[in-house]
Amino acid sequence: MTSSRLWFSLLLAAAFAGRATALWPWPQNFQTSDQRYVLYPNNFQFQYDVSSAAQPGCSVLDEAFQRYRDLLFGSGSWPRPYLTGKRHTLEKNVLVVSVVTPGCNQLPTLESVENYTLTINDDQCLLLSETVWGALRGLETFSQLVWKSAEGTFFINKTEIEDFPRFPHRGLLLDTSRHYLPLSSILDTLDVMAYNKLNVFHWHLVDDPSFPYESFTFPELMRKGSYNPVTHIYTAQDVKEVIEYARLRGIRVLAEFDTPGHTLSWGPGIPGLLTPCYSGSEPSGTFGPVNPSLNNTYEFMSTFFLEVSSVFPDFYLHLGGDEVDFTCWKSNPEIQDFMRKKGFGEDFKQLESFYIQTLLDIVSSYGKGYVVWQEVFDNKVKIQPDTIIQVWREDIPVNYMKELELVTKAGFRALLSAPWYLNRISYGPDWKDFYIVEPLAFEGTPEQKALVIGGEACMWGEYVDNTNLVPRLWPRAGAVAERLWSNKLTSDLTFAYERLSHFRCELLRRGVQAQPLNVGFCEQEFEQT
């Protein structure tokens, strides 16, 4: 798509300001007009095309049809609108959906195709996609195109959209260790992710404060590592529900079990797993990272990750590897002896590398791929060529753009998170800081830039729990969502502000308590109940 065509579509959208063009994220190709069609809520239908590979019984689309019908019109009945003058009615009051390839019972993957086209004119109202995942994205766009007049009539404008994501991995991280998030909060977050066309839920499940995951192989991990083994855990059924709920919205679940650091919550449940710290020649009574010198450590990891590999069906697991503090390892005489025998000298990065390489081999043997934090790359751990490196540090050891350059120059795929830590808040419209980030603004060849597969907004939990999660996430995470979905040239802040403000109001209408971007109001505030 040429830049002139993009800017023409932006100008056209500005000319028809309002619900008909307040789309978020912005499509790749968009044409519209002021010609509009009436929708009648009482008998509006989503319908499979006769030639569609997906037909009634397709769980992904059957449930999406009901979900979006409720979002558009609610579950009640509507009086037939009183219309004056000539009005066009949407063809048969139906959106026809056609999917080229089957896949209703599958899981989304990194390679899933999410392209779709949406045509609304005098002759047809058609959503065409290669896959059910593209159809989901198109249904979200359709839902945002429908608008209601002050008199209560539903309209949709004549529209032609051709759309696809810029990056295949568009994620959101939730930290459920530092503060436990109820299952309902996670499911609600998945809903809003789908509204924003985000497609990866990065589930950070282990950290020092708590471990809420219920392991059936090592139940003591949860019993002794969670805040409360009854109320603050995720059961096997909870995990299954999250995975299926996400699947029905075209969202992958990327589970993170971070080691060897960030694992103090595992210590009580698995005696001997963590490294005893020493003060001089005596144990201090405190513990550090996982002990990499013991065979028992790797036996535990083999068994635990065999379980995890079966519970979480996505091809990838996130294995962490960040912020390993060597202080405790340095103090421990058994660790020192192990390093001498291995020929590591006093280079604790070699010890870390030994542990992580062994863990990666274990996970690979289960047919899994893996994502790691950037320290694994920075510390020169020997990793497989298909490893995905997540860049999270803004300027240590180098600026994050330089880090992307180095990671991709080495031939690894990369994810960007460094500028998108949503748990960090400031006064004013900080969404703009997230929005203006250009993920490919580093020096590198086209081949290097093709290795950046997307990014993630991160919501770490030190100061975030169920009471403030939603307004801190939304609509700020939407700025990241558009940056990862839309064309690079969709970058005008004024245009973004108008649409994001409207989208925030739409989120409120859908029951999401998204915070305001600035002074103003939402039109639904004036409606009398």
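Cβ atoms are placed via backbone N, Cα and C, with glycine included.
The structure displayed is predicted, hence computed values, not measured ones.
Around Glu323 (active site, proton donor), the same-chain residues six or more apart in sequence whose CB sits under 8 Å from its CB are Gly261, His262, Glu375, listed in sequence order. The feature active site, proton donor is assigned by Swiss-Prot to Glu323, with a curator's inference given as support.
DSSP gives Cys104 (disulfide bond) a coil state; it is part of no helix or strand. Annotation source Swiss-Prot lists disulfide bond at Cys58-Cys104 (among others), citing experimental evidence.
What Swiss-Prot lists as disulfide bond is Cys277-Cys328 (among others), and the listing cites experimental evidence. According to its DSSP assignment, Cys277 (disulfide bond) is in a strand.
For Cys505 (disulfide bond), the same-chain residues that are 6 or more apart in sequence and have a Cβ closer than 8 Å to its Cβ are Cys522, Glu523, Gln524. According to Swiss-Prot, the feature disulfide bond maps to Cys505-Cys522 (among others).
For Asn115 (N-linked glycosylation site), other Cβ atoms within 10 Å of its Cβ number 17. The DSSP secondary structure for Asn115 (N-linked glycosylation site) is coil. What Swiss-Prot lists as N-linked glycosylation site is Asn115 (among others).
Annotation comment: Swiss-Prot describes Asn157 (among others) as N-linked glycosylation site.
Classification of Asn295 (N-linked glycosylation site) by DSSP places it within a helix. Taking the Cβ of Asn295 (N-linked glycosylation site) as reference, no residue of its chain lies under 8 Å away while being at least six apart in sequence. What Swiss-Prot records for Asn295 (among others) is N-linked glycosylation site.
Under the heading signal peptide, Swiss-Prot lists 1-22, citing experimental evidence as support.
Spacing of Cys58 (disulfide bond) relative to Asn115 (N-linked glycosylation site) is 19 Å (Cα to Cα, whole number). If you take the C-beta of Cys328 (disulfide bond) and look for same-chain residues 6 or more apart in sequence within under 8 angstroms, you find Thr275, Pro276, Cys277, Thr286, Phe287, Gly288, Pro289. Glu323 (active site, proton donor) falls outside any helix or strand according to DSSP and counts as coil. Other Cβ atoms within 10 Å of the Cβ of Asn157 (N-linked glycosylation site) number 19 in total over all chains.
The most densely surrounded of the disulfide-bonded residues Cys58, Cys104, Cys277, Cys522 is Cys58 (count of other Cβ atoms within 10 A of its Cβ). DSSP classifies Cys505 (disulfide bond) as helix under the three-state reduction. DSSP assigns Cys522 (disulfide bond) to coil in the three-state reduction, placing it in neither a helix nor a strand.
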